[in-house]
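Asker: Sending over a structure as structure tokens; questions will come in a sec.
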């Protein structure tokens, strides 16, 4: 990072300042430095082994490309919204935001195929963070309160529709499970999935389409570790390459293995199983397989939904605190989002943001209650699990995206979508 900073300062001092679109144009030198440092640290043999993983490299490249595209698309959208607001067409541009969100979600999800347990966190804390951030900015710059109200109502409708779809699927699975003999004191989708796995674990073909092991390491109880071992033994599987063992590389092994890094004695390494069809299953097993598949899909969707609502709840609060602090600093004049905002006028600017944050908080609380009551999903447990197990990834994303989104609005970073660059 020190070398990168020296390069950026040298260009700014001797060529032009600000550097046009600095966060983008300086990406290539940054990646070159990171790649060179990585090569020196791990050695050439490790790099050659990584380069053999063509499919994984393609997914990784797609993921980086999606992140870069996101960092360009949303600032460009903000410029478009501002121009549309001045011309009276801001509602038309507001309608584009869900489309942008959907496209970016699908691109990032595509880059994370076969890594379903990482997908909700990776998508939500990237795409949904940008989306929530620029919804707030749109509210701040909206020319009328009607636009703010429409944005709030549209977001609420989206949440209601998603919950209704989830409830319909969950109710069907719980009803079929009770009819099939599953003893449920309370409707609980997780109990349904656990029951099917524990009582039919010997019938491997019933669950051959299910990914047994995670692509991350988790601390498990002895009972759950035994269950996973039994499911793994009952089902043919293959090793899912992840982090290369540097110890093998150091010894110059002719046949190096790829495995997870074991930090604890009670963590489980990555071993997704091969996907198989259930054409030859008995009718009862087919029903159980379909029911398990449906339960897992409900849990996956619920995790995505609760993470998105959680993020949309605290982002308005963080942004409000940020602008209330920044407006008192001498550097506020360099922040484009604070143009024309003073200590006296800041109150009117944050009213809509605070109202949106309150609505999101109420929506989050209601969603948690409704998902538990109507869908049999303990969403707070999902949220706590993701925040605990994915915390390093979440912290990295929030820090990086906050610096990028807020930094791109400082004039020193050379963001100019008119492409005139008058200072050059």
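Glycine is no exception: its Cβ is also placed from the backbone N, Cα and C atoms.
Taken from TrEMBL, the feature transmembrane segment applies to 6-36, 57-77, 89-110, 122-140, 146-166, 310-330, 350-370.
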Asker: Give the nonlocal contacts of the transmembrane segment (57-77) in its own chain as ranges (CB under 8 Å, at least six residues past its ends).
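Answerer: For the transmembrane segment (57-77), the nonlocal Cβ contacts are 23-24, 27, 50-51, 93, 96-97, 100, 104, 107-108, 110-113, 126-127, 130-131, 133-134, 404-405, 408, 415, 417.
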Asker: Which one, 89-110, 122-140, 350-370, has the most C-beta pairs under 8 Å toward the transmembrane segment (310-330)?
Answerer: 350-370
Asker: Take a look at 6-36, 89-110, 122-140, 146-166 and tell me which one has the most Cβ pairs under 8 Å to the transmembrane segment (350-370).
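Answerer: Between the candidates 6-36, 89-110, 122-140, 146-166, the best contact partner of the transmembrane segment (350-370) is 146-166.
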